[in-house]
Structures are given as structure tokens and as C-alpha cells.
Ligand SMILES: [Zn+2]
Ligand SMILES: [Zn+2]
């Protein structure tokens, strides 16, 4: 139904708003998933060289950090500062992730935080799990998304020449990077077939990273506890955190979006935070912002759903010391996790 013929609001959301499906995008995502299924078959029938599988996994890790440490925690939230070589690193890996330009991702994400789960949220979870997961990419935008999207402050990234360069040349940049890294490298590096290089490191790897990102918008907005703010849809979801390098602690993240850790206390399944710590240690990241334990506790007491650990509310507990011990135990956590197949 064309947007100008949408009936006036009344009754539940799904009854009062029917959006126009963009069939071209439906066909694209359907085709992409069929190709990915064939790629899975190729892998399961041992037709793909092990080097190509390793490369695909490395590409999943690299692109995930382009999204998570880079475009999410750095560009969208500016929860720390990054020096220019690191910015280049992030833009390169993010471009490979096939998630549009940095500018578009940041605009959508800032809008998602500002209008979470309302009509103006691009992937409003109130419109259903599938819509929040990937359906939003196959439909015309809600008029409120368009209206409020223009009001999102993007001054900082619009003053960033690298971001604007990537926005302008996104598609050629994406095609060249993908061709070099996902296709030519395996074909010329270890004589992989062109078909396998196309199906596995190019197609399958892209689909995997898309779903990992989408689960944060769907599952982490549907399932889990809300220790910091029970009024939000975003929840603490350990399963999502485990497969997204730490992005599933979503009730915390929406309660404190400026915290570079993206999660409370300790670093459980939060490889991204370890990576940013590592970048800070080698001088590429600095000015890492965190929220104090006192502020976290106060928020949990004020708006939490009661699942916040009770011992943390005890005056005697020393979260800073406890956190340091947790982190010390996990000195090699970052490397272990980056090497471990999850
Ligand atoms: Zn969210
Ligand atoms: Zn965020």
C-alpha cells in the first residue's frame, strides 16, 4: 500500500500501519540466502580448502570488529577516541561487512537509540521479531523514521573526511575490497576454485555477519533480563553476547550507550571490549569512557527489574577490585577468544 494511503492510527500497530514491501530487496535477500545455503553444502561436503575456511573465519572476525569496535562503539557512540590508522582499519573492515556506508549505519543507529522501539526506530522491535531482525530492510520506511531521521545530529561524522569519502565511494570500494580479499586472495594464494571463493568467503561470510548483527536488534530486544531499565525492550542476552563478541548485554548498552565496554561489570563474552583495551594499550585508542559503579547501581535500584546481582548493592562489596581480579584472570582472554571458534 502506498504510504500516502496509510489509514489514520487506531488499534494495535500492525492493524493501523501496513508498509509497502520492496520486492527488489526481498528478491535480493532471498537470493543471497539461497547462495549461502549452497555455500554451506560445499563446506559440509569438504569441497572447500581449509585455508579458505580459515580465511572466511578471519573475515568474520575482522568485519565484526569493523562494525562493533569501529562503527558502533567508536563512530556511533564516540565512547572512545581512535587515532587515524585505527580509523582506516575500521573503515576498511566495515566496508567489507556489506552494511552500507559508515554514515548511513551511524544515522540509523543513533536514531535507533533515540527512538528505541517506537515508530521512529528504523528496526522497531514492536513491529515483530522478523521486522527487527531483517524485515526492516525489505520494506519502505515508516514516515516517522524518515521525519526523525533528518533530525539526527551527524555533525561529527560529516566533518570526518574519511567517513564522507567512504560514503561517496562505498560501492566501488566495497567491490574492490571484496574482490581482492575474498576472491583473488584464495584463488591466487592457494589455488582455490573461483566458485568456492565466491560462495564461501564472499557470500557465506557476508550472510553470517549480517545475521550476527541482526540478532542484536531482534533477539536482544526480545529475550533476557532488564537489570538496569525495565522500561526498555533491550535485554541482557547471554546467547547473543556469545555469538556477537559481546554485543548482547543490550539492556546495559541502551541504559548507558556512552560506555565503551558496552556491558557492565566484568568482561564475560565481551571480546570487543578486550580488543578496545588492547588498542588502548598499543596507543591507537584513548579517552575510553565508562560509567561509574555508583551510577550503575543507582540506575539499577531506580529502574531495574530486580535481576541486578544483590551482592553488588552491598556497601561492603568492592566492584572495582572485583573487576580487576576478573580481568587479571583473563589476561589472555582476547587472544583465546579471537582464536577460538565460537
Ligand atoms: Zn538496540
Ligand atoms: Zn548502540
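Quick reminder: no glycine exception, Cβ is built from N, Cα and C everywhere.
These numbers come from a predicted model, not from an experiment.
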If TrEMBL is the reference, give me the range from 169-188, 229-248, 249-268 marked as transmembrane segment.
169-188
Range annotated as transmembrane segment - as stated in TrEMBL, picked from 5-25, 26-46:
26-46
Looking at 87-106, 107-126, which one is transmembrane segment according to TrEMBL?
87-106
Which one of 53-75, 145-167 shows up in TrEMBL as transmembrane segment?
53-75
Which stretch, 26-46, 53-75, 169-188, tops the Cβ pairs under 8 Å count with the transmembrane segment (194-216)?
26-46
